[in-house]
Amino acid sequence: MGNFHATTIFAIHHNGKCAMAGDGQVTFGNAVVMKHTARKVRKLFQGKVLAGFAGSVADAFTLFEMFEGKLEEYNGNLQRAAVEMAKQWRGDKMLRQLEAMLIVMDETTLLLVSGTGEVIEPDDGILAIGSGGHYALAAGRALKRHASEHLTAKEIAKASLEIAGDICVYTNHNIIVEEL
């Protein structure tokens with residue numbers, strides 16, 4: 001059997017608020033949509049942290065559990081938990097095989113965490129990953145730049161995913177948005 005994957009996750013810090021959106025599509029291989037309503041964005045650490053994943057579903061659940069453990073270990077310090085998780089992920093032969101990426105955020109910090117050991121904080125407070133990530137990122141940057149006084153973080157996140165869903169065949173319009 002092949003891998004279950006493909007999604008789009010978008011996150012933004014905007015006007016003192018933060019929001020993360022993800023679509024619900026799970027694709028089996030490159031040809032079959034297996035699920036339309038997957039929940040790929042979650043609140044962690046007593047609702048103070050948002051996390052979203054793109055990639056293999058089973059791998060992502062493993063990473064969610066691992067990240068949540070690091071958050072507990074480091075008392076909710078997002079940056080420290082992300083760095084320690086990335087070190088463990090990169091340094092462990094079995095974990096290196098996991099095929100997923102995470103975006104994690106709290107009210108002040110937004111980070112991309114990958115299995116290559118990268119922990120990246122964007123300059124503009126916007127991140128997007130997954131098959132429709134480039135489309136969502138472009139849409140989100142345009143919306144923030146040209147309509148920021150009229151839109152909330154949640155509205156920008158949702159609109160960015162809707163635009164990605166119009167373009168990317170691996171992104172659907174069953175959008176879940178979480179905010180802090």
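Numbers here mean position along the shown chain, with the first residue as 1.
Cβ coordinates come from backbone N, Cα and C, glycine included.
Since we're looking at a predicted model, the values are computed, not measured.
Residues annotated as active site in Swiss-Prot: Thr7. Taken residue by residue with DSSP, Thr7 (active site) is part of neither helix nor strand, so it is coil. In sequence order, Gly22, Asp23, Gln25, Val26, Ala38, Lys40, Phe53, Ala54, Gly55, Gly130, Ser131, Gly132, Tyr170, Thr171 are the residues near Thr7 (active site), counting only same-chain partners six or more apart with C-beta under 8 A.
Here Swiss-Prot flags Gly165, Cys168, Thr171 as Na(+) binding site. Other Cβ atoms within 10 Å of the Cβ of Thr171 (Na(+) binding site), summed over all protein chains shown, number 29.
Within the same chain, the residues at least 6 positions away from Cys168 (Na(+) binding site) whose Cβ sits under 8 Å from its Cβ are Thr8, Ser131, Gly132, Tyr135, listed in sequence order. A simple way to gauge crowding: the CB of Gly165 (Na(+) binding site) has 21 other CB atoms within 10 angstroms, across all the protein chains here. Listed in sequence order, the residues Thr8, Asp23, Gln25, Ser131, Gly132, Tyr135, Ala136, Leu161, Ala164, Asp166, Ile167, Val169, Tyr170, Asn172, His173 complete the 8 Å Cβ shell around the Na(+) site centroid, once Gly165, Cys168, Thr171 themselves are left out.
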